[in-house]
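What follows is a single structure, written as structure tokens, with notes after it.
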Amino acid sequence: MSRAPTLAAAAAVAAVVLICSSSTATAADGNARQPPLAPGLSFDFYKRSCPKAESIVRSFVQDAVRRDVGLAAGLLRLHFHDCFVQGCDASVLLDGSATGPGEQQAPPNLTLRPTAFKAINDIHDRLHKECGGTVVSCSDVLALAARDSVVVSGGPSYKVPLGRRDSASFATQQDVLSGLPPPTAAVPALLAVLSKINLDATDLVALSGGHTIGLGHCTSFEDRLFPRPDPTLNATFAGQLRRTCPAKGTDRRTPLDVRTPNAFDNKYYVNLVNREGLFTSDQDLFSNARTRALVDKFARSQRDFFDQFAFSVVKMGQIKVLTGTQGQIRTNCSARNAAGTTMLPWSVSVVEEAADESLGVF
């Protein structure tokens with residue numbers, strides 16, 4: 001299999017997808033089903049305090065993804081990894097402290113894109129300037145940026161409930177490991193994790209469709225290649241993967257969606273039907289009787305996938321949210337507020353870009 005597209009080619013794909021997605025996104029936003037709203041959230045939360053909040057986030061994401069098509073998957077994954085551990089409270093953004101390492105240092109989060117963290121801080125800073133102070137929470141920025149990343153990649157738009165507040169603490173390393181199952185997990189293990197946060201089999205299949213964009217590292221699926229190919233893996237596809245990953249421990253990446261790696265569409269499910277899912281956690285959705293019918297349904301109908309993804313991601317985005325007087329509105333997304341401090345310097349470490357979406361199912 002060939003490596004990920006060049007930056008120029010990827011940018012061209014992103015631009016085409018952006019143009020094609022506008023009418024579809026508008027229609028989906030106006031007619032999509034909505035799960036019940038968590039108490040304290042609303043669709044017009046910033047109507048008075050920061051009326052341009054959503055347009056500011058949208059504009060930033062559109063421009064940023066045009067320059068780096070891989071950022072869309074990075075922002076979407078960041079929202080997922082935040083919500084699955086301790087709820088949607090932006091705790092994944094917090095740097096470690098004297099009390100211990102932050103969530104970013106846990107194995108499933110080691111390959112979250114540094115550029116995605118930087119983008120959230122950039123957006124938050126822009127909102128601070130445009131809205132006359134720290135008004136919009138980091139957790140709401142995460143939710144909005146994830147939605148706009150889906151849209152700019154050609155996926156459905158959906159209304160994002162707003163009003164989340166930010167946690168003043170991060171989860172333990174063990175809680176991160178418990179909340180983010182590995183890509184080697186099969187459906188029973190995945191459902192066991194999701195059932196603890198009020199997500200079901202339909203949510204699992206729909207949210208896994210986020211793998212229609214992004215990259216996976218060889219080490220995250222090498223168990224399907226060595227010592228012998230997984231029998232659920234298409235033989236031709238297995239051969240392509242072996243050329244990309246010729247030995248265990250190979251430090252290379254490949255698209256999660258072999259057909260349309262930069263477009264948010266239903267081809268991920270077509271891949272599964274053709275036994276071309278990259279991870280065990282992907283392919284087992286088709287192998288397992290409990291989830292197979294949903295994979296078939298989404299492979300046949302992109303509309304059905306988009307409708308369910310929009311519903312499930314909004315449902316996910318309300319897991320254990322902090323509202324009202326709970327938590328805080330951070331002045332710096334990377335650090336809890338200090339008493340009497342209005343703005344803190346950013347502290348997200350700049351490290352080598354990992355560009356890997358693979359050390360966790362989501």
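Each residue, glycine too, has its Cβ placed from N, Cα and C.
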Ca(2+) 2 site partner of Asp257, Thr260, Ala263, Asp265 (as recorded in Swiss-Prot), chosen from Thr202, Thr212, Thr219: Thr212
Nonlocal neighbours by CB distance (under 8 Å) for Asp257 (Ca(2+) 2 binding site), same chain, sequence gap 6 or more: His211, Thr212, Ile213, Ala263, Lys267, Tyr268, Asn271
Ca(2+) 1 site shell beyond Asp82, Val85, Gly87, Asp89, Ser91, criterion: Cβ within 8 Å of Cβ centroid: Cys83, Phe84, Gln86, Cys88, Ala90, Val92, Glu103, Ser139, Ser167, Ala171, Lys320
For Pro181 (substrate binding site), the number of other Cβ atoms found within 10 Å of its own Cβ: 21
Close in space, distant in sequence - Asn234 (N-linked glycosylation site), Cβ under 8 Å, 6 or more apart: Asn274, Arg275, Glu276
8 Å Cβ shell about Thr212, Asp257, Thr260, Ala263, Asp265 centroid, Ca(2+) 2 site members excluded: Ser153, Gly154, Ile213, Arg259, Pro261, Asn262, Phe264, Asn266, Lys267, Tyr268
